[in-house]
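Database features, via TrEMBL:
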- 1-18: signal peptide (SIGNAL)
- 28-49: transmembrane segment (TRANSMEM)
- 56-181: domain 'EXPERA' (DOMAIN)
- 58-78: transmembrane segment (TRANSMEM)
- 98-123: transmembrane segment (TRANSMEM)
- 135-155: transmembrane segment (TRANSMEM)
- 167-186: transmembrane segment (TRANSMEM)
- 207-229: transmembrane segment (TRANSMEM)
Amino acid sequence: METLVFLFSFSALGILYAMNTIPELQEPYVILAIGAGVLVVVFLFYFLITRGNPPRDVLFFVFAEFSFTCVIDLVSALEYDGIISGFMDFYQKTGEPYLGTAYAIMMCYWDGIAHFIMYLVMISRITDRKAYRTLGLFWAGSLCANMSVFIAGIVTGKYGTEIRPAFWLNFVFLLFPVWGAVALFTKPKDRPLIGGYNAQHIQTMKLIWRPLDMILLLLLLAAMAFTVLRGLVAMDSPLEACGVYLQHYEPYLKDPVGFPRVMMLHFVLLRTTSVGSFRLRAPQTWMHMDAGLDRVFRWSSNPVSVGPHRGLLAPSHSCSVSYSQRRFLACAGS
């Protein structure tokens, strides 16, 4: 089944090409109607072909549906980077112009590659009646993080006054992973908890007699302090340390598009509370979601640049500065 999903997903190229060449299909409300209609048609396609042997998990349809949209996201990123052309010129103008920002391009790459692979793997495991809970929670955390930053960044940034009808389709990709996470929480774990008694015994000892835990605690406290600093920078704190950090390390936090600022606030509000969640309830479950959330943030804020702005920075910094920084510096320089 995963092979069929993979091949059918590339039929999105035909739809994009047709919309890019027919002007009547490029009006904002027409784009919204076609987008919603395509989602319905794709669902009906998979529903009909599996009616004789329905999947044991309804999330199969979510993964199959989103696999189709992964191809669209990958095409968007490739077209903005100038690697391909002729598919989404119209969408850049009358659909979602903010997809050309650094965060959105890297988000589309992540969705078009990483999420696409996850969907195919989870579809394969559902078809073979195997467990996929761990990977599913990782996906839920990843997509929730992606879309929550994306939607909030659009509304609060400079594109908040340029919201087109196609923007509302993004809520589908925020609500379904939330629903998927709730459904996955109720499933049994992929493997039984091993060593629970020993762990409970060790944790009765004082922290001073647990040197590894002590080191981990100190590292976590340092990471939390650094996260709070970045959050203060994102909120325009007048502290001198925040000004120095903004000027010398992450100037793109002042990018008016809003995505960097929202991402830093996510780090403060979500990452610190996830530490408490780790100890309060279902540690393995919450850490799987947190891993997905963390990975997509790292990808979007510290990617290897594929953009045209490598020459803006000194050679000693060219490998450590993100694509977002280079794009921001290019805008500032112009």
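Positions of Cβ are set from backbone N, Cα and C atoms, glycine also.
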TODO: Determine which recorded stretch among 28-49, 98-123, 135-155, 167-186, 207-229 has the most C-beta pairs below 8 angstroms with the transmembrane segment (58-78).
DONE: 98-123
Open item on the list: Given a Cβ distance threshold of under 8 angstroms, which distant residues of the chain, six or more beyond its ends, lie next to the transmembrane segment (28-49)?
Closed with: 4-5, 8, 12, 15, 19, 60-61, 64-65, 68, 90-91, 94-95, 164-166, 168-169, 172
Task: Helix, strand and coil totals (DSSP H, G, I; E, B; other) for the domain 'EXPERA' (56-181) - done: 104 helix, 0 strand, 22 coil
